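The site 'Important for substrate specificity' feature in Swiss-Prot is assigned to Y15, Q73, E155. The active site, proton acceptor annotation in Swiss-Prot covers D72 and rests on sequence analysis.
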Amino acid sequence: MHQNPRLILASSSRYRRAMLERLRLPFESISPDVDETPQAGEAPAALALRLSVAKAMAVARLHPGCIVIGSDQVATVDGQPIGKPGDFARAKSQLRQLSGRIVEFHSALAVTDGQRTEQADVITYCEFRPLTDAAIDAYLRAEEPYDTAGSAKAEGLGITLMESMRSDDPTAIIGLPLIALTGMLRRFGLDPLRSPS
């Protein structure tokens with residue numbers, strides 16, 4: 001009887017866990033111990049890819065024989081990274097800055113079995129509509145998106161702040177690009193549509 005290898009999500013993010021649950025594959029979530037400090041001159045896409053691989057490898061080293069998923073997301077406007085605001089004041093300032101502008105989200109993904117690693121970067125372009133202070137305040141009070149880069153949760157009320165969104169994978173904006181991920185998992189022998197044997 002063939003058994004699928006154990007699947008691990010190298011993340012403590014509840015958003016990524018919820019996304020992976022959609023694939024109906026059994027998995028566990030383990031928080032990786034990775035320094036997320038950007039390197040000098042590192043481009044946002046390179047940072048997201050490096051961190052996704054580092055997270056996957058950090059967990060894979062401790063769990064040989066498992067398939068490990070690492071991911072990271074970096075948001076930028078005009079090439080400058082936008083972090084997680086942490087509190088109301090910084091979130092308000094961030095949303096004022098993003099009003100009427102396009103934000104580029106790099107959602108990087110790495111899958112490894114410890115021997116071989118695949119990676120991808122899925123880009124999402126979000127155009128924010130012009131935002132009034134009243135709209136910003138109402139949104140922040142309703143959703144408190146202080147742990148989200150760009151201060152807007154597209155999977156929730158944050159979608160009301162958007163004018164448009166472009167991406168090859170509509171799930172990428174939430175931080176785990178499922179279209180790219182399912183292709184990678186199939187190449188590692190895990191297919192969500194195939195019953196475990």
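Just so you know, glycine gets a Cβ as well, placed from its N, Cα and C.
Here the features listed in Swiss-Prot are painted onto the structure.
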| residue | record | contacts (Cβ under 8 Å, 6+ apart) |
| --- | --- | --- |
| Y15 | site 'Important for substrate specificity' | E155, I174, G175, L176 |
| D72 | active site, proton acceptor | E36, L47, A48, L49, L51, S52, K55, A108 |
| Q73 | site 'Important for substrate specificity' | A48, F105, H106, S107, A108, A149, G175 |
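DSSP assigns Y15 (site 'Important for substrate specificity') to a helix in the three-state reduction. Around the Cβ of E155 (site 'Important for substrate specificity'), the number of neighbouring Cβ atoms within 10 Å comes to 14. DSSP gives E155 (site 'Important for substrate specificity') a coil state; it is part of no helix or strand.
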